[in-house]
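Summarising the annotation, TrEMBL assigns domain 'G-protein coupled receptors family 1 profile' to 63-311. Positions annotated as transmembrane segment by TrEMBL: 47-70, 82-108, 114-142, 162-180, 219-246, 258-281, 293-313.
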Amino acid sequence: MSEEARLNEGSNTGINIDERKKMERENFTIWSIFFLEGFSQYPRLEVVLFVFSLVMYLATLLGNSTLILITILDSRPKTPMYLFLGNLSFMDICYTSASIPTLLVNLLSSQKTIILSGCAVQMYLSLAMGSTECVLLAVMAYDRYVAICNPLRYSIIMNRCVCARMATVSWVTGCLTALLETSLALQIPLCGNLIDHFTCEILAVLKLACTSSLLVNTIMLVVSILLLPIPMLLICISYIFILSTILRISSAEGRNKAFSTCGAHLTVVILYHGSALSMYLKPSSSKAQKIDKIISLLYGVLTPMLNPVIYSLRNKEVKDAMKKLLGKIPLHQTHEHL
């Protein structure tokens with residue numbers, strides 16, 4: 001029976017619409033356990049997804065841990081990009097570790113469950129790491145802008161104190177907005193405990209709400225705009241100035257070096273923001289839920305795995321540090337800034 005029909009039925013029995021909605025809100029259950037539907041409709045696909053997710057997760061841990069070790073063990077002076085890459089790698093490890101282990105267990109289990117506290121932690125960590133990365137990518141774009149458009153003052157503008165503050169702002173912004181969203185989501189009355197997702201993804205949980213909350217929907221929209229289109233706009237503005245500067249470089253070698261410096265960051269931005277925008281800033285649809293799960297899997301597994309690969313291949317400083325770590329180049333090799 002549709003919502004309108006049930007409300008009309010309440011009107012015919014002497015109960016007005018407001019009273020009916022109040023009764024429905026009071027009739028919800030405080031769930032202590034949730035069932036994750038995941039990919040249970042495709043049992044044969046689950047084995048393939050398990051192998052894929054396990055390989056990607058192990059590669060994510062290995063690649064990002066290696067990048068963190070490089071930033072710590074490399075004795076040469078640290079550039080701002082080193083600091084930001086270390087933060088980015090740590091975020092990717094936390095982000096994937098919040099959801100992928102649960103996914104791996106559930107793919108091989110007949111009962112795909114998660115307790116309330118586990119669901120809350122999973123939701124918070126995913127939102128916090130994802131939101132922080134959105135802000136950090138915008139910060140990294142500004143770093144590239146200063147490095148290319150104002151190279152003579154780069155070390156003054158992007159000094160260690162400024163970089164530390166920028167990284168801190170990214171973390172505080174992401175963690176606080178995630179705390180706000182998670183707190184609101186957990187206070188909403190839920191009329192079911194079957195989540196049509198493989199994790200406690202906030203949009204999938206909110207679909208279980210007994211009634212739609214204007215406050216929660218508004219806050220979700222505002223936060224999504226602040227953390228997705230606005231950072232993306234700042235990144236685009238930075239790269240417009242960067243491209244304009246690069247095109248004025250007379251030597252082909254200089255242009256190639258500048259493009260190489262920005263290529264890794266721009267690739268990560270396109271992968272990350274493309275997936276995020278397709279998930280959080282589109283109309284909700286039951287038909288699109290299956291696509292959302294696939295996008296979420298790629299967004300949560302593939303992108304964090306590719307980040308260290310992209311930066312290692314496109315960043316000369318990271319490649320030199322990796323060779324040094326493996327003992328392939330002399331320890332006294334001079335440091336070349338980005």
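Backbone N, Cα and C atoms are what each Cβ position is placed from, and that goes for glycine too.
For the transmembrane segment (293-313), same-chain residues at least 6 beyond its ends with a Cβ under 8 Å from one of its own Cβ atoms are 38-39, 49, 52-53, 56-57, 59-60, 63-64, 66-67, 85, 88-89, 92-93, 95-96, 99-100, 126, 196-199, 201, 264, 267-268, 271-272, 275-276, 278-279, 319, 322.
Same-chain residues lying 6+ beyond the ends of the transmembrane segment (219-246) with a Cβ under 8 Å from its Cβ atoms: 131, 134-135, 137-138, 141-142, 144-145, 148-149, 173-174, 177, 180-181, 184, 202, 206, 255, 258-259, 262, 266, 269, 273, 276-277, 280-281. For the transmembrane segment (162-180), the partner stretch with the most Cβ pairs below 8 Å, chosen from 47-70, 82-108, 114-142, is 114-142. Residues 36, 38-39, 46-47, 49-50, 53-54, 56-57, 60-61, 63-65, 67-68, 71-72, 74, 114, 118, 121-122, 125-126, 129-130, 132-133, 136, 139-140, 143, 160, 163-164, 167, 170-171, 198-199, 300-301, 303-304, 307-308, 311, 317-318 of the same chain lie 6 or more positions beyond the ends of the transmembrane segment (82-108) yet place their CB under 8 Å from a CB of it. In the predicted model, residues of the domain 'G-protein coupled receptors family 1 profile' (63-311) average a pLDDT of 84.
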